[in-house]
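See below for the structure under consideration.
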Amino acid sequence: MTSTLHRTPLATAGLALVVALGGCGGGGGDSRETPPYVPKATTVDATTPAPAAEPLTIASPMFADGAPIPVQFSCKGANVAPPLTWSSPAGAAELALVVDDPDAVGGLYVHWIVTGIAPGSGSTADGQTPAGGHSVPNSGGRQGYFGPCPPAGTGTHHYRFTLYHLPVALQLPPGATGVQAAQAIAQAASGQARLVGTFEG
């Protein structure tokens, strides 16, 4: 005689509840705890940026670039060199200064050449030659500064104060003066900075 067990809906629901509760128990279930939050480490680049290289510059406290040169620095005044300030990047064996007039009646005229200027930053007062500098004869054969002196009626002349960065010690051709010396300096330079002043003829 076969006996058939008939479960009521209520009994079935009760059994399901017991199974569900058993799965949430402490002994038989997966009770692993969530690990504590650990913030991700941030990597900071501690490398100090290299300082910017000092630029090659030249200026004068007596006149701005493109402005008139005061009379005291011309042949109509005391005819002394204007005060200058300059800076240069590392890597120079020496600096050189050339002052010329491309508007001269007879063609380019070199007024002043100074070689052997100490690299770095520097300045001069009125009438001074840059530290360590040696004057080379200009277009007139004069060793030293000769200021603006354009003939009357020749209009505006532009006087270029050009500072050259020389990577190796300068070797001028024997007897080089004026334009020839200025050209040799320009060819040997690895950089230049320029200040231009004007003077009326």
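All positions are counted from 1 along the displayed chain.
Keep in mind that glycine also has a Cβ here, set from the backbone N, Cα and C atoms.
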Of the ranges 77-96, 177-196, which one does Swiss-Prot list as region 'Prevents bacterial uptake by a human macrophage-like cell line'? 77-96
Same chain only, please: residues at least 6 beyond the ends of the region 'Prevents bacterial uptake by a human macrophage-like cell line' (97-116) with a C-beta under 8 Å from a C-beta of the stretch. Say none if there are none. 58, 81, 84, 129-130, 132-140, 144-148, 150-151, 154-164, 170, 172, 178-179, 181-182, 185-186
